[in-house]
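Trainee: The structure under discussion is supplied below as structure tokens; questions concerning it will follow.
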Amino acid sequence: MRIYCTKDYKEMSRKAANLISAQVIIKPECVLGLATGSTPIGIYDQLVEWYHKNDIDFSEVTTVNLDEYRGLTKENDQSYYYFMHTHLFDRVNIRPDHSFIPDGTCEDSEFECRRYENQIRSLGGIDMQLLGLGRNGHIGFNEPSDSFAQVTHCVDLTQSTIDANKRFFASEADVPRQAYTMGIGTILQAKKILLVASGEDKAEAVKNTLFGPITPYVPASILQIHPDVTIVADEAALSLCKL
Ligand SMILES: N[C@@H]1[C@@H](O)[C@H](O)[C@@H](COP(=O)(O)O)O[C@@H]1O
């Protein structure tokens, strides 16, 4: 596990964007696993800036997203589909038929989860998976639980996640209670994993992820056993770790 400690959010974003850009340079036809949440926004902005300077080309890249709220349409400005289009897809040359996100409107959850998992497999797996970190240690929407979920599945969001994400919605009642997410197994099969974290409110989760016991109660802790994980976090997020 490589750990980069950056001064602040801006530096974290640039460092992580550099690693993604290196992946695209090494393998232009790579499959990038992407994440949502407020943390990756600076990374996407940086990639867009480099795209305009012709320093990165997404024309052969395929993307797969970690998760999507169940029940939100693509037009809903809180859907992860909308988020990805606003922050990245509509601003660079990723081909529309080369980006995949679970379909939040599919009511048959078993069908949708199987379809999405097969989609990722048919692409040959993920070369680099970008991950944010929930305050309770969740990755994607894999919430703390008594076992690690293998494949893409439908989850009931915890109150902690609903509370953390309600800032994006008009009211708490509008926050979806369920989501489709890649499983821990899906994530761990990525060849490389890039975890980003910023701010003091992630410090406890970062400490438990990096140095705590490997337990499904801190889903990100399983990253300790993946052979190629890079963490890029700012000083505040690493403030409880003795490096
Ligand atoms: N499903 C997403 C996660 O993928 C993300 O990592 C987390 C943290 O978000 P933020 O970066 O806004 O703290 O939020 C959501 O729950």
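Using N, Cα and C of the backbone, Cβ positions are placed for all residues, glycine too.
All annotation found in TrEMBL is predicted automatically rather than curated by experts.
In case it helps, TrEMBL gives these features for our protein:
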| type | residues | note |
| --- | --- | --- |
| ACT_SITE | Asp67 | active site, proton acceptor |
| ACT_SITE | Asn136 | active site, for ring-opening step |
| ACT_SITE | His138 | active site, proton acceptor |
| ACT_SITE | Glu143 | active site, for ring-opening step |
| DOMAIN | 12-224 | domain 'Glucosamine/galactosamine-6-phosphate isomerase' |
Trainee: Do any of the active-site residues Asp67, Asn136, Glu143 touch ligand 1, in the sense that the CB is under 6 Å from one of its atoms?
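Mentor: Asp67, by Cβ distance under 6 Å.
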Trainee: Same chain only, sequence gap of 6 or more: which residues have a CB within under 8 Å of the CB of His138 (active site, proton acceptor)?
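Mentor: Spatial neighbours, sequence-distant, of His138 (active site, proton acceptor): Pro144, Thr158, Thr161, Pro219, Ala220.
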Trainee: Between Asp67 (active site, proton acceptor) and Asn136 (active site, for ring-opening step), what is the CA-CA distance rounded to a whole number of Å?
Mentor: 17
Trainee: Give me the mean pLDDT over the domain 'Glucosamine/galactosamine-6-phosphate isomerase' (12-224), rounded to a whole number.
Mentor: 96
Trainee: Under 8 Å Cβ-Cβ from Glu143 (active site, for ring-opening step), six or more apart in the same chain: what's there?
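Mentor: Result: Gly134, Asn136, Val155, Asp156, Leu157, Thr158, Thr161, Pro219.
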Trainee: Taking DSSP three-state, what's Asp67 (active site, proton acceptor) in: helix, strand or coil?
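Mentor: The residue in question, Asp67 (active site, proton acceptor), is strand (DSSP, three-state).
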